[in-house]
Amino acid sequence: MGQSQSQIFEDLISNSSFSNEEIERIRKRFIKIDANQSGSIDRNEFLSIPSVASNPLASRLFSVVDEDGGGDVDFQEFINSLSVFSVHGNKEEKLKFAFKIYDIDRDGYISNGELYLVLKMMVGTNLREDQLQQIVDKTIMEVDKDRDGKISFEEFKDIVSGSNVTSSMTLDSF
């Protein structure tokens, strides 16, 4: 038999950085986003969130938030992702989330092709393909310390942790 609603709620509180009140506000927001009232947020519903819709990486965000790859985001996945962006979310969690944006095949590495695809989403048609490929190749050469042709999480963390990326991944309130 499954867990009771109160047990699920208690688990959400203990496994996230949110208070009771914040989880309740997030639950109400989740219900509003879930337009077809299926109990989960599908890709189209997710992409209809105004702050997400305007992001060039919206489809990648959905893929990362959809932790199990099931094609929709349940409330647990929603809370887990928002927890990363809370003021209480730690730097390591934020960096792992950012890394997953680039790690399209979820193999724990960012390949040349994955970096190219994600950067292409960000720059659109502002760069020629050969210019973008040069940037990707140069980035891989500079970041790939063990010379295996791909970027591991540790290599990513080394290069990104000196920036303010994690502070821009923090939302003040929910």
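From the backbone N, Cα and C atoms, a Cβ is placed for every residue, glycine too.
Taken from Swiss-Prot, the feature domain 'EF-hand 1' applies to 21-56. Swiss-Prot lists Asp34, Asn36, Ser38, Ser40, Glu45 with the feature Ca(2+) 1 binding site. For 60-88, the entry in Swiss-Prot reads domain 'EF-hand 2'. Marked as Ca(2+) 2 binding site by Swiss-Prot: Asp66, Asp68, Asp72, Glu77. According to Swiss-Prot, the domain 'EF-hand 3' annotation covers 90-125. As annotated by Swiss-Prot, Ca(2+) 3 binding site applies to Asp103, Asp105, Asp107, Tyr109, Glu114. Among the features that Swiss-Prot reports, domain 'EF-hand 4' is placed at 131-166, with the record citing sequence analysis. Taken from Swiss-Prot, the feature Ca(2+) 4 binding site covers Asp144, Asp146, Asp148, Lys150, Glu155, and the record attributes it to sequence analysis.
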**OP:** Using a Cβ-Cβ cut-off of under 8 Å, list the residues of the same chain that are 6+ residues beyond the ends of the domain 'EF-hand 4' (131-166) and lie near it.
**Re:** 91-92, 94-96, 98-99, 102, 108-112, 115-116, 119-120, 123
**OP:** Report the residues of the chain - excluding Asp34, Asn36, Ser38, Ser40, Glu45 - with C-beta within 8 Å of the mean position of the site's C-beta atoms, for the recorded Ca(2+) 1 site, in sequence order.
**Re:** Ile33, Ala35, Gln37, Gly39, Ile41, Asp42, Asp72
Original post:
Could you give the number of helix, strand and coil residues in the domain 'EF-hand 2' (60-88) as assigned by DSSP?
Top reply: 17 helix, 2 strand, 10 coil
**OP:** Return the member of Ser40, Glu45, Asp68, Asp144, Lys150 nearest to Glu114 (Ca(2+) 3 binding site) in space, with distance defined Cα to Cα and candidates limited to these binding-site residues.
**Re:** Lys150
Original post:
For the domain 'EF-hand 4' (131-166), what is the mean per-residue pLDDT, to the nearest integer?
Top reply: 93
Subject >> Neighbour count (Cβ, 10 Å) for Asp72 (Ca(2+) 2 binding site) >> reply: 18
Original post:
For Tyr109 (Ca(2+) 3 binding site), what is the secondary structure by DSSP, using just helix, strand and coil?
Top reply: strand
**OP:** Can you figure out which of Ser38, Glu45, Asp66, Asp68, Tyr109 (the binding-site residues) comes closest in space to Glu155 (Ca(2+) 4 binding site), comparing Cα atoms?
**Re:** Tyr109
Subject >> Protein Cβ atoms within 10 Å of Asp103 (Ca(2+) 3 binding site), excluding its own >> reply: 25
Original post:
Residues near the Ca(2+) 4 site, Asp144, Asp146, Asp148, Lys150, Glu155 excluded, by Cβ within 8 Å of the Cβ center?
Top reply: Tyr109, Ile140, Val143, Lys145, Arg147, Gly149, Ile151, Ser152
**OP:** For Ser38 (Ca(2+) 1 binding site), just give me the three-state DSSP call.
**Re:** coil
Subject >> Three-state secondary structure, Glu45 (Ca(2+) 1 binding site) (per DSSP) >> reply: helix
